[in-house]
Structures are given as structure tokens and as C-alpha cells.
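Participant: Relevant sequence annotations retrieved from Swiss-Prot are reproduced here:
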- 27, 90, 129, 464: (6S)-5-formyl-5,6,7,8-tetrahydrofolate binding site (BINDING)
- 232-237, 251-257, 276-279: GTP binding site (BINDING)
- 236, 257: Mg(2+) binding site (BINDING)
- 222-384: domain 'TrmE-type G' (DOMAIN)
């Protein structure tokens with residue numbers, strides 16, 4: 001059993017944020033959880049005799065001070081029909097910070113202890129209610145940053161990844177069974193149909209899962225979009241437009257943004273990490289120079305750069321330098337802003353004649369929202385190489401633990417195929433096949449070490 005959760009006692013934790021809110025949920029689990037909780041519940045006799053999966057109304061009682069603490073609704077579960085597989089009580093109370101403290105304190109005085117992060121999910125795993133892929137999916141649902149990431153996590157919660165891993169494992173097991181028959185009964189291998197094709201098929205399926213991790217990284221980590229340009233060109237206004245709220249300071253004074261500001265937004269299910277950089281210019285002091293150096297570094301690392309130019313003014317020296325060095329750069333979108341003002345024809349003509357790819361140049365007015373739809377379409381086009389079209393039923397690997405085990409299994413399969421080609425002894429083939437099966441079993445938790453379980457579940461939320 002895991003070192004983190006070595007006691008099979010009664011546990012309690014707040015399952016909702018510790019904030020003032022309309023309602024909160026306090027969950028508990030353990031063999032004696034119902035009888036212990038009934039001591040602080042007004043309708044205790046009905047609770048002790050109630051069937052599982054029932055709801056009860058009453059009050060939390062502070063018996064020492066002979067007073068009511070809160071009016072609550074209690075959800076009662078009896079083993080094995082609960083998330084943890086144990087008797088369990090969930091209290092729905094008013095979301096008062098003071099009330100939450102009082103109720104949990106009464107739980108602790110009644111013999112419960114505070115649960116560790118992830119301990120409820122760990123008990124569910126021990127009770128075989130979920131496998132490790134489902135446990136990880138629960139955490140992914142909670143921390144999903146985009147609608148796409150959320151939907152993919154829900155798909156895994158339904159058991160899709162477990163089924164896929166189990167299917168591959170059964171293919172290897174069928175191969176191992178055939179080889180074992182040959183070894184156990186010493187029959188001629190010509191009399192046995194050794195399913196070598198199952199190993200080849202498993203190799204293909206494992207490679208698909210491994211490649212899917214790259215898709216997840218793009219979904220989870222997002223695409224870096226940097227706003228650059230000379231001071232007062234409209235970068236901060238565009239930044240706020242993307243976010244649909246004010247995060248950057250917008251003023252008529254040049255150089256308002258001295259460093260960079262970071263935020264994120266979602267477009268078509270893709271997460272964008274947005275940076276509003278310090279305006280490119282000759283800095284007068286050390287702090288400004290540092291900010292501009294950071295801006296230049298971000299521009300180099302970005303997936304996409306929107307370079308904003310004030311089309312109502314003359315080009316700055318920094319505009320000219322940037323255009324000259326990036327006129328053929330496919331990841332730069334030149335945006336001529338402020339078309340609501342009088343257009344500086346020399347600025348427009350110079351930019352149009354300098355930028356080699358005219359499709360990477362658009363004119364907009366952030367103030368009047370003119371050309372903004374075109375801007376979004378351009379962004380979609382320019383990051384198309386980063387986008388991966390996936391369906392909600394697709395299986396995506398999302399944890400470093402899973403990808404490490406899949407890569408290990410894939411390496412073992414390549415080694416097994418090499419040995420098959422070299423016609424090595426069947427006992428060596430059987431050993432390798434067994435290693436692959438164990439490796440796949442670690443992904444689902446059928447084979448697992450205490451250290452792996454400790455490391456995985458301690459990263460969960462308290463109350464999960």
C-alpha cells in the first residue's frame with residue numbers, strides 16, 4: 001500500500017474552494033464514517049438505518065455548546081456503491097468560511113482525520129472503481145485550460161484510454177500464450193501458429209499513442225503569440241481586445257508598457273499565450289533596456305508575432321529595422337493600425353513594397369473594430385501548421401508518466417521485433433513479451449509501485 005495513504009481510517013475534506021459562496025461540499029469516507037457523522041447530525045437515528053444513495057435534511061450540531069451550526073443536506077452512500085467503495089457521507093452546507101471551519105472541526109472531534117490530497121481518488125483506485133488512467137483523467141478535467149482539453153479528458157474518464165491499452169496488452173498476451181505453448185510442450189513451431197502480426201499491429205498502435213502526446217502539448221501549453229511594434233502603435237489596445245477586458249494600460253503617452261504583460265485566451269479550442277511587449281525603441285535607462293531585451297527574446301521564441309504599425313504616423317527607426325530584417329518571415333503578421341485616422345501614404349506604400357508576402361499584411365482599426373474579423377482569420381491561417389485537427393473521441397496521451405511507460409513499451413517492442421527477425425530462442429521472446437505486458441499494466445495501474453502511486457496522487461486537489 002502507498003506510503004502516503006497507509007491508514008484505512010475515516011477521512012474528511014472540503015471538496016469545494018475555501019471561499020464564501022452559496023454552497024459548499026464537505027465529503028467523508030471510511031468504514032465508520034456514517035456512525036461517526038451521525039453523532040453531529042440532528043436526524044442521527046434515521047441516518048444510521050438509511051439505505052445507501054439517499055438524501056437527508058437536518059442540522060449539524062455542536063453538542064458541546066448545545067447549538068446548531070448549519071442547516072444542511074446530507075448525501076449518504078453505503079459500501080461498495082460509492083466513489084471510494086466505502087461508506088461515505090457528503091454534506092452540502094452554506095458556503096460560509098466560518099461555517100466550514102466549524103463543521104470540519106466537528107468532524108475531526110468525532111474521530112475523522114483530514115484527508116491528504118488525492119486520497120479519495122486513491123481509495124477509489126484501491127477499490128477498483130477506477131484505473132490509473134481514469135484517476136489522471138479526473139485531475140485533467142479539474143485543471144483543463146481549454147474546452148478541447150476538457151472534452152478529451154472526459155473521453156478518457158469514460159475509459160477510452162484503458163480500453164485502448166487493454167486491447168494492445170491482449171495482443172501481446174496472445175503472442176505470449178502461443179510462444180508459451182511452444183515452450184511448455186516442446187512442439188515443432190511449424191505446428192503452432194505464432195501470431196507475429198500482433199506484435200507489428202501493437203507497434204503501430206503504440207506509436208499513435210506516443211505521437212498524440214505532441215498534440216496534447218500544443219493543446220495544454222498553447223501557442224505563443226507576441227504583440228510587438230513601436231511605442232503607442234496600439235499593441236496594448238489589441239492585447240485588451242483579444243482578452244475582451246482591460247489588462248494593459250492604454251494611454252496616448254508613448255512607452256506606457258515598460259516590460260511585457262502576459263495573459264491567455266482561447267480561439268477555436270486552442271490556447272494562446274499572449275504577450276504585450278515593451279515598445280521597440282532606443283531606451284534611455286537600464287530598466288527600459290531590460291524590458292526591450294525581454295521583448296526581443298520573446299519575439300524570437302514566438303509561434304506567431306503580430307507587429308503593429310501606426311499607419312497615421314511616420315515609420316520609426318525601429319519599424320524600419322524590424323521590417324527590413326523580417327520582411328520574408330512567415331511567422332510575422334504586419335498589422336497597419338489606426339485606419340480610422342488620416343492614413344500616412346508614405347508609411348503604407350513603404351510597408352506594402354517591403355513585405356514580400358502580401359497575405360501577411362492587413363489594415364485595421366482597433367478603435368472602430370474594423371478589420372478585426374480578417375485579423376482573426378489571418379491568425380487561424382498562420383498557426384495552421386501548429387493546429388492539429390482532432391475529434392472528441394480521439395485518445396490523447398496527456399501525462400508524463402504515461403508517455404514514459406509508452407515509450408518504454410515501444411522500445412521493448414522494437415527489440416522484440418529485432419529478436420524475431422534474428423530468430424532468437426523463444427524463451428527470450430517470451431521474456432520480452434512479459435516485460436511489455438508489465439509495462440502496459442503500469443499505465444492502467446494493474447502493475448504499480450508504491451513510489452509511482454505516491455508521486456501521482458499527491459498532485460491531486462484536496463478533497464479529490
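Note that Cβ sites are derived from N, Cα and C of the backbone, with glycine treated the same way.
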Participant: Which one is closest to residue 90 ((6S)-5-formyl-5,6,7,8-tetrahydrofolate binding site) in space, judged by CA to CA distance, out of the binding-site residues 232, 235, 236?
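Facilitator: The smallest Cα gap between residue 90 ((6S)-5-formyl-5,6,7,8-tetrahydrofolate binding site) and any of the binding-site residues is with 236.
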Participant: Counting every protein chain present, what is the number of Cβ atoms, excluding its own, within 10 Å of the Cβ of residue 129 ((6S)-5-formyl-5,6,7,8-tetrahydrofolate binding site)?
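Facilitator: That number is 17.
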Participant: May I ask you to report the DSSP-based helix, strand or coil state of residue 27 ((6S)-5-formyl-5,6,7,8-tetrahydrofolate binding site)?
Facilitator: strand
Participant: When the number of other CB atoms within 10 A of each residue's CB is tallied over all shown chains, which of the binding-site residues 27, 235 has the maximum?
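Facilitator: Of 27, 235, the one with the most crowded Cβ is 235.
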Participant: Any idea what the Cα distance is from residue 129 ((6S)-5-formyl-5,6,7,8-tetrahydrofolate binding site) over to residue 235 (GTP binding site), rounded to a whole Å?
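Facilitator: Pair distance, Cα basis, whole Å: 51 Å.
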Participant: Just give me the nearest neighbour of residue 27 ((6S)-5-formyl-5,6,7,8-tetrahydrofolate binding site) among the binding-site residues 232, 235, 236, Cα to Cα.
Facilitator: 236
Participant: So which of the binding-site residues is most packed in, judged by how many other Cβ atoms lie within 10 Å of its Cβ, out of 232, 236?
Facilitator: 236
Participant: Three states by DSSP: which one describes residue 90 ((6S)-5-formyl-5,6,7,8-tetrahydrofolate binding site)?
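Facilitator: The residue in question, residue 90 ((6S)-5-formyl-5,6,7,8-tetrahydrofolate binding site), is strand (DSSP, three-state).
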